[in-house]
Amino acid sequence: MVMNGLWRKKTNLSEFALTTYLVQSIFFILLSRIFEFILSPLHQPPFVSDVSVGIIFGSGYVIKDQKFNEIFVSKLGTPLLKLLGNFGLMYVMFLAGVKLDTTLIRGIKGKFAITTAALFVLPICFTFLASFKLGLGKHLIPQETDIRRGLTAYSSTQPNPMTLNDTEGFIKEIKRIGKQQRACFLMFISLALSLTSFPMVLYKVTKLKMIGTEPGRLALSAAAISELVGWVALAALISWWQLHLVAPLYLTCWAILWIVFCLVAVRPAIRWLQCRTPSTEQLTNRYVGLVMVGVAAGGLVNEIVGMHAAFGTIVLGLAFPAGPLAAVLVDRLEEFLTNFMYRFYFITIGSTLDFGSIGGRIVRTNGSKNEGLALMIVILVAMACKLLCGLIVAVSFWMPAKDGLTLGILLLINGPLNYYVLKVAFAKKV
């Protein structure tokens, strides 16, 4: 490509991965900025415009022009966008943890446990119950008549037919696996609708200058716990869906060990480092790159274990002590990550949505009589539950009802984890 530019011979732009990536990145970032300006009167977070751009221009379902799709839905450039998007997600999660001032949460220790339980556990439980009662996921449990028909067809091809006891045991095992997968399916839905995005809540609370208020601090504490538990629960659900019943326990133990390691080893080490280096300029210039490598190493270790890299980096960020190094990290990295690399994560989510599969699942009638309507009711139940939980917390701690409603609205904010849960669910054909 360097020796033979496009101007020297007739070549197709989509044949070159780097060129295609550069064109895609410039095009998508500019369009995302335009969409963000258009949606600014609605006060939507930036990721809404990113997902919209990905759906309209990157999915290939809206724009059918072949030449356009050869460049902007290219198999060469899109993997680079996904890679940079996940890289940006990993570091943005770290910076979100670094930016959180833990001293703001220390003042609400008495309310922390009750708030976390009410704002995280209750929405998941009510959403799960609503999904179960409305019949979502019934298609995952095979009917006994279908199983017997399949066993009869299979036995007819074998020299030794199955006995009655073998048949009954096989039917029970198939139905047990179906019930387990339905429970996992309902948990995927409950997680996607009940989790609160910590980076998005931090962004909105900071923008609205609510970080020092009671609803802002409670929302941040609940969102931080929701983010940590959500990544662990997602990894456990993936293992559970693949019928690895012991893996969720191992992943939970690893999550606890990683949190303890970051608090006991990483946090004191960084404090010692800042105390031993007298010059702030020397500290920041020497160790910013080292911290970046350490964050990447933390993400790598968690990926190897089976967790998402974002879990490892957000724990590192929350454990990172406040100081000049933290301030310089945010100052030097935040603008580039959030306005460039992080956007690719949401753009690629929008571009990889399979509308044919989504439409087929919504209109499916073998599970419940109207699965699309049932799903809409479950979404409304999840939203109403978060608002109600905010009011319950306000009443419990003698807060004004207005603050409780504000808290509930803040908990409705979704972010990368919610989209990632849905993305994994479709990828695993849940």
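Cβ atoms here come from the backbone N, Cα and C positions, even for glycine.
Pulled from TrEMBL, these are the features on record:
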type: TRANSMEM; residues: 16-35; note: transmembrane segment
type: TRANSMEM; residues: 47-63; note: transmembrane segment
type: TRANSMEM; residues: 83-100; note: transmembrane segment
type: TRANSMEM; residues: 112-132; note: transmembrane segment
type: TRANSMEM; residues: 185-206; note: transmembrane segment
type: DOMAIN; residues: 187-425; note: domain 'Cation/H+ exchanger transmembrane'
type: TRANSMEM; residues: 218-241; note: transmembrane segment
type: TRANSMEM; residues: 247-266; note: transmembrane segment
type: TRANSMEM; residues: 287-320; note: transmembrane segment
type: TRANSMEM; residues: 340-360; note: transmembrane segment
type: TRANSMEM; residues: 372-398; note: transmembrane segment
type: TRANSMEM; residues: 404-422; note: transmembrane segment
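Sequence-distant neighbours of the transmembrane segment (185-206) (same chain, 6+ residues past either end, Cβ-Cβ under 8 Å): 45, 47, 92-93, 96, 99-100, 119-120, 123-125, 127-128, 131-132, 136-137, 140, 216, 219-220, 222-224, 226-227, 230, 233-234, 237, 314, 375, 378-379, 382, 385-386, 410-418, 421-422, 424-425, 430. Counting same-chain residues at least six beyond the ends of the transmembrane segment (218-241), those with a Cβ under 8 angstroms from any Cβ of the stretch are 100, 104-105, 108, 111-112, 115-116, 119-120, 180-181, 184, 187-188, 191, 195-199, 201-202, 205, 211, 247-248, 251-252, 255, 259, 306-308, 310-311, 314-315, 318, 393, 407, 410-411, 413, 417, 420-421, 424, 428, 430. Contact between the transmembrane segment (372-398) and the transmembrane segment (287-320) does not hold: fewer than three of their C-beta pairs are under 8 Å, each pair 6 or more apart in sequence. Taking every listed stretch (16-35, 247-266, 287-320) in turn, the largest tally of C-beta pairs under 8 A with the transmembrane segment (404-422) is reached by 287-320.
Contact check: the transmembrane segment (247-266) against the transmembrane segment (16-35) gives fewer than three Cβ pairs closer than 8 Å, residues 6 or more apart, which falls short of the contact criterion.
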